[in-house]
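S.K.: Below, the features straight out of TrEMBL:
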TRANSMEM  A:27-51  transmembrane segment
DOMAIN    A:40-170  domain 'Tripartite ATP-independent periplasmic transporters DctQ component'
TRANSMEM  A:63-80  transmembrane segment
TRANSMEM  A:101-125  transmembrane segment
TRANSMEM  A:145-171  transmembrane segment
Amino acid sequence: MSGEPAKEEAPRAPSLPHRAARALSRLGGALSAVLILVVLVATAVSVFNRYVLGRPVMGIDEATGFLVVAIVMLGAAEALRRGDHIRIDILFAHAGPRTRWWLELWSLAAVISFSTLLLVASWHTVVFSRTFGAYSTGYLSIPMWIPQSTMIVGAILLIIAALAALLDLIAERGN
Amino acid sequence: ATAMRCSHQLPPAHHIAQVVDQWAAEVEKLSEGDLDVEVFGADSLVKANDNILAVAKGDIECAFSLNFQWGKTLPIMNVTVGPYTMSSIEAWKKWPTSEAAAFLEQKLAEKGVKNVAWMFQTNVSVFTSRGRALTSPEDFKGIKMRGIGPAFDRGLTAMGATTVSMPGSEVYQALATGVVDAAITDVAAAYSRKYFEVQDHMTVVPVLAAYLHGYVNPSWYESLSDKSKAALDEAGKSAAQWALDASIQASADAPRQLEEKGVTVHVATEAENEAFKAVMQPAFAEGFAEETGEDGKTLLGLIEKIQ
Amino acid sequence: MTILLIFASLVGMLLTGMPIFAALGLSSIAILLMFEGKFDSIADTVFASLNNPLLATIPMFAFMAHVMIKAKVVDDLYDMANKLVGHVKGGLGFATILSCTIFSTISGSSVATALTIGSTAIPQMQRFGYRPRDTYGIIAAGGTLGILIPPSGPMILYAIVTDASIGALFLAGMIPGLIMAAVFAVFSWVQANRHGETRAQTWPGTRAVARALLNSIWAVAMPPIILGGIYLGVFTAAEAAAVGAVYALAVALIVYRNVSLADLWDCTWQTMRTSAMLFMIIAGAGLFGHAVTIIRLPAEIMETVTALGLSQTGFMLVVMIAIFILGMFLETIAIILITTPIILPAMLALDINPIWYGVLLMINLELALITPPVGMNLFVIKGITNAPLAEIIRGSGPYVALLVGGLVLFWAFPQLSLWLPTTAGFGR
Ligand code: NA
Ligand code: NA
C-alpha cells in the first residue's frame, strides 16, 4: 500500500520548481530526523541524570511533546514526496492507467486542500496565541506560538511538495 | 436555544465533575431552556491545557480549568496554590462575593475570558510516602517527588526535594517501583487513585487550595439575552456553594477510608504546618511576586481581608 | 442517520486512495463546516493530538529496530533459530515463528516484523520443500506478533487515547503473545508434516549451534532489558525506548562494528519517514475524533448502549465484531484512533478493564493485518515474493481462525492478560 516509488527515479530531467521543492522537502526531513535524535538523547540523559546524578532534568516531558509536533510537521512533506503516506489502494490496483491518473490527481488535490486549510487555521492560532499571551503550563513556560508555528511551516512544506507532484503528474499526461 | 459546549478535564465520578453537571442543569433551568449546556468531561473534547485558548479563541463557548493551568499566561491565578495562603474553609465561604474574587474576575476579563463560576475543589492535601512519614521540611531532603506544577513545586524544592513531572497514568507505577519516592495529591484523589496500594504513610496538610473555575467566551457572552446572563450569574453562585459542600464531604471521608486500607495517616499538627510554611511560603512568594508584581500584592491584601 | 452518512463518506474518501490523513482531515473539516460553520479549531486540535511526550516513544523504538536490522543482529537471530530447530522435519517453520517472536520484542510494528523476518525466511523455507502458500501464512501470522508482544506502536497509541499505562499494556500483551506464538509454531509444524515434501536440514553440530546461540545473545538480551526494566519499574516505557535505542547503538558500534555513521543517519531517516507518516494519521484521527465528539456521537453511542441495556459481554461482542469488519478494510492505526475515543465512555460505564480490552483490541488488529481485502502483512508478503494475492490470502486463512480462537481464549480468561501487570504493581 505504499503508493508510488520515489519520484526522483523518474528518467526525465527534473524541472527547476521540482528540484526546489525536493530540496525543501529534504531539508525539512533532515531537520525532523535531527530532532528525533535530540529527543532520543534528551530522554536517555534524563534517565542517566535521575539514576546516576539523582537530579531529574526539568521540562524534558514538555519539550518532547513540542518536539513531536515539530518532527511531524517538518517530516510530513518528505514522507509525501516518497509516497510513504498510507492509503487504501484497492481502486488503484484495479484501475486502468487513465483512471489511475485521475485518482492520483484527486488524491493530490485532497492533500493540497487539507494543507491549505491547516495553514489558514494555524496562522489564526499562532496570531491569537501571540496577542493573547499564552504560555505553556509546565516548567518551560514558553510562549505557545513558538511550538505552534511549526504547523505553519509544515503546512507550507506539504503544499509545496504536493504542488510539485501535481506538476509532475500533469507533465506526465503531456508525454 | 443557544448551544453552550463546556469542556473540562475531570473524570465523571469526581465530586466536582458532578457539581459541574448540576450547574449545567441549573443554567438550563434558570435560562428556561434558552441555553442548551453540553458538558464534555474527562478531556474528551478539548485537552486540559488547551481549554483556555479554545474558549478565548471561540472554538467552544465554555470551559473549566484548575488554577494551575493558567501558569505564566496569567500567573496571578496561582495565588491559592501558595502554601497556606487560602487554607481555611471560612475564607472560601466568603470567596465568591469577595473583592479578591472580583479582582481576579477583572484580570480574567482583561485577559479575554468571562468568569462564570468558582468551584472550590480542595484544601486538604496529603504528602504520600513509603517507609516513613513526611512530617518536617528535613524529611524532604534528597527525595524524588512528583510535583503538581512549577509555581507550587518551588516550595518542595526549597525543602530539598527533587520534583519530577510525569503523566498521571504513570504515577501509580512510579510510586510502586520507586521511580519517585513520594507525591503530593488531594486527599480524596489519594483514595480514588489507589495510592494506598503503593504508599503506606500519608501526612494530611492544608498546604494548598485548588479550585476549578468556569469561564466563557466574552463576545459570545455579550450576545446573550439578559435572562441568560442572569441565569449564568445565579447558577454560578449556587455552584460555588455546592462545590464547597461536596469538597468538604470528599475530604472528610478520605482519611478514614485510607486508614481502613492500612495507611498510617498523620494529620499535621499546628507546629508542623508552621514549619512547612516557614520554608515553603518564602520560596513561593518570591516567584509569585516576581511574576505578578503590584497586582499580586493587591490581591494578597484583598485575600487577607477574608481570612 | 447522520452517523451512517459520516462514516459512509469517510470510507468513500478512503477508498478513492487519498492518503488516510487527508481523508480523515477533510471529512472532519466537512463535519465542522456543516455543524459549526467554521473550521478554525483544526490547528488547535492537530497541535493537541501531537503535543504528547508519550508519542516520542514510537520513533525511539523504531530507531532501535532499524539499528538492530542494519547491524545484522537480526540475521544472527534467524541463524540461531534455524540451527536450533531446523534439523527437525517441519522445524524450519518453528524456527521462523521463534525468530518472529524474538524480533517482536525489538520491533513495535507488525509490518516491520513480517518484512524483516520474511525476506530471509520465506526463500529458506521454500528451499527446504515448504509449500509456498504455507510459508506466506507463517510469515503473515508470525509478523502480527509484532504489535501484541511489546514494544508495540499500536499499544502506545491506545494507551494515550485511554490514559492507560503503557507499561501495564506492554506487560499485559506478553503472555497472550507467547501463547499465540506457541500456537502458530505448533500449527506450522503440523501443517508442514502433513504435506510430506518438507525436508529437514542437516544437524550443524553442537559447536555450531552453541556458536549461533552465543552470536544471537545481543538480540535475545533485548526483552530482559526493555520488559525487565518496565516490570521492575527501573524506567517508564518512554525511557525504556531510549535505553533500548542506546543499547542497540552500543551493540552496533561496539560489538558488531559493522555500521557507519552514514548507516546510522539512514536509520534515523527511515525512522523519520515512518514517524511522519504515522503521526499525520494521528493528527487526522485527532481531528475526526474532535469533529464527532462535538456533534456528540460518543455520547449518543453511550446513551444507546444504556438504553438497550447491553451487558458487558453483549457490548464487547458488538464492538469486537465491528472492529473485525472494519479491520478487513481499514488499517490498524486508523482503527484504534477512530474507534477508541468513540467507545471509551461506554467502556468506562460498563466497567470494562481498559488494559484487558487493549489486549483484545490488539489481537483483533492482528486479524486486521491478515484479513483481505486490505491487510498490511498480506501486502508486505506480496512485496517480498510477488506471489498472487489470492495464494497469500489462502495461506493466511488458517491463522485467521487461530487468532479468532485466541481472541475468544483471552476474552474468557482475563487473567492471562492481567496477571503480569498486576504482579508488577500496576494496580489500577
Ligand atoms: Na513488538
Ligand atoms: Na484486513
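The backbone N, Cα and C atoms fix where each Cβ goes, and this holds for glycine too.
Automatic, uncurated: that is what TrEMBL annotation is.
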S.K.: Output the single range from A:27-51, A:63-80, A:145-171 maximising the number of Cβ pairs under 8 Å to the transmembrane segment (A:101-125).
M.R.: A:145-171
S.K.: Below 8 angstroms Cβ to Cβ, which residues of this chain, lying six or more residues outside the transmembrane segment (A:63-80), approach it?
M.R.: 24-26, 28-29, 31-33, 35-36, 38-39, 42-43, 111, 136, 140, 147, 150-151, 153-155, 157-158, 160-162, 165
S.K.: Please indicate, using numbers and ranges, the residues of the same chain that are 6 or more beyond the transmembrane segment (A:27-51) and have a C-beta under 8 Å from a C-beta there.
M.R.: 57, 60, 63-64, 67-68, 70-75, 77-79, 153-154, 157
S.K.: Counting each residue once, how many in the domain 'Tripartite ATP-independent periplasmic transporters DctQ component' (A:40-170) are helix, strand and coil under DSSP?
M.R.: 102 helix, 3 strand, 26 coil
S.K.: Which whole number is the mean pLDDT over the domain 'Tripartite ATP-independent periplasmic transporters DctQ component' (A:40-170)?
M.R.: 92
